[in-house]
Amino acid sequence: MKLLMLARNPNLYSHRRLVEAAEARGHELDIYDTLKMYMNITSHRPEVRYQGRVLSGYDAIIPRIGASITGYGMAVVRQFEMMGVWALNESVAIGRSRDKLRSLQLLSRAGLGLPVTAFAHDTSMTDDVLDIAGGEPVVIKLLEGTQGVGVVLAETRRSAKSVIEAFRGAKVDILVQEFIKEAGGADIRTIVVGGKVVAAMKRQGAEGDFRSNLHRGGSASKIKLTPEERSTAVRAAKVMGLNVAGVDMLRGNHGPLIMEVNSSPGLEGIEASTGVDVADKIIDFVEKTAVAGKTRTRGTG
């Protein structure tokens with residue numbers, strides 16, 4: 001198969017591993033910078049171009065779209081969909097998962113476990129917003145934050161109000177969530193591929209940090225999921241419409257609580273901690289599933 005990865009940095013561990021896995025299976029996997037692609041939007045022969053030539057003849061694309069370029073990245077994926085090229089994760093699904101508020105609303109509608117979450121624009125009702133989230137301590141998150149950046153634990157009502165006012169003063173949108181104390185600064189990252197959990201790890205926050213992101217100095221170890229956790233991860237990926245997803249959960253007193261669903265999960269931490277060749281499982285899924293013209297959206301979403 002001839003495959004194309006949409007990614008800004010070909011040297012990232014995850015991207016190198018996907019190339020290795022593809023080549024080991026006899027496939028060709030090119031990596032081109034998403035931001036350097038451009039489009040010919042026409043009715044009869046839509047094109048994506050790169051350095052003056054048309055990108056054609058690909059059996060499938062593997063989008064690895066960074067959060068900072070979501071809008072343009074989705075447009076490029078959508079253009080390939082209009083050309084009938086199969087996408088590992090489709091543009092509409094990527095958009096759902098990147099919009100934190102929308103993803104929480106969709107997961108909530110599906111009846112999946114979530115931390116109690118409040119969202120408001122006006123700061124005049126901050127006390128009620130904090131009460132909705134169960135009262136202090138609360139976790140305050142930037143809607144656009146990634147890798148633990150823009151996430152604050154406010155342990156008192158006064159500090160919570162100060163943080164909310166500061167964020168709103170900067171004209172950024174935030175979520176206020178209940179603090180899940182029983183999680184103990186740890187979360188679970190699962191990788192779902194084609195409707196199956198292929199790997200799972202526990203991430204423990206660094207000493208004194210409630211955030212468990214490995215980018216923030218956390219540690220990782222292999223973990224055995226409960227049947228409910230496994231089912232929750234699979235259902236979350238399905239709600240988003242993602243063929244490949246990183247689903248982050250907390251272990252609450254009443255079951256798993258979804259924190260985030262990621263459309264471009266990193267592979268380094270989870271492959272190292274579990275020993276699972278996640279990259280190979282992703283390429284195996286592409287190999288078995290990619291069919292030209294099979295894209296569900298065809299660029300309509």
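FYI, residue positions are counted from 1 along the chain as it appears here.
Each Cβ is built from the backbone N, Cα and C atoms, and glycine gets one as well.
According to Swiss-Prot, the feature domain 'ATP-grasp' maps to 104-287.
In this view, D187 (ATP binding site) is surrounded by 23 other Cβ atoms within 10 Å of its Cβ, with every protein chain counted. Reduced to three states, the DSSP call for D187 (ATP binding site) is strand. Summarising the annotation, Swiss-Prot assigns ATP binding site to K141, E178, F179, D187, R211, S212, N213 and lists sequence analysis as the type of evidence.
Counting Cβ atoms from all protein chains shown, E260 (Mg(2+) 1 binding site) has 19 others lying within 10 Å of its own Cβ. The secondary structure of E260 (Mg(2+) 1 binding site), as reduced to three states from DSSP, is extended strand. Feature annotation from Swiss-Prot assigns Mg(2+) 1 binding site to D248, E260.
The Mn(2+) 1 binding site annotation in Swiss-Prot covers D248, E260. Proximity of D248 (Mg(2+) 1 binding site) to non-local residues of its own chain (separation of 6 or more, Cβ distance below 8 Å) is seen for D187, I188, R189, T190, I258, M259, E260, V261, N262, given in sequence order.
Taken from Swiss-Prot, the feature Mg(2+) 2 binding site applies to E260, N262, supported by sequence analysis.
Annotation comment: Swiss-Prot describes E260, N262 as Mn(2+) 2 binding site, evidence class sequence analysis.
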C-beta crowding around F179 (ATP binding site), within 10 angstroms: 18
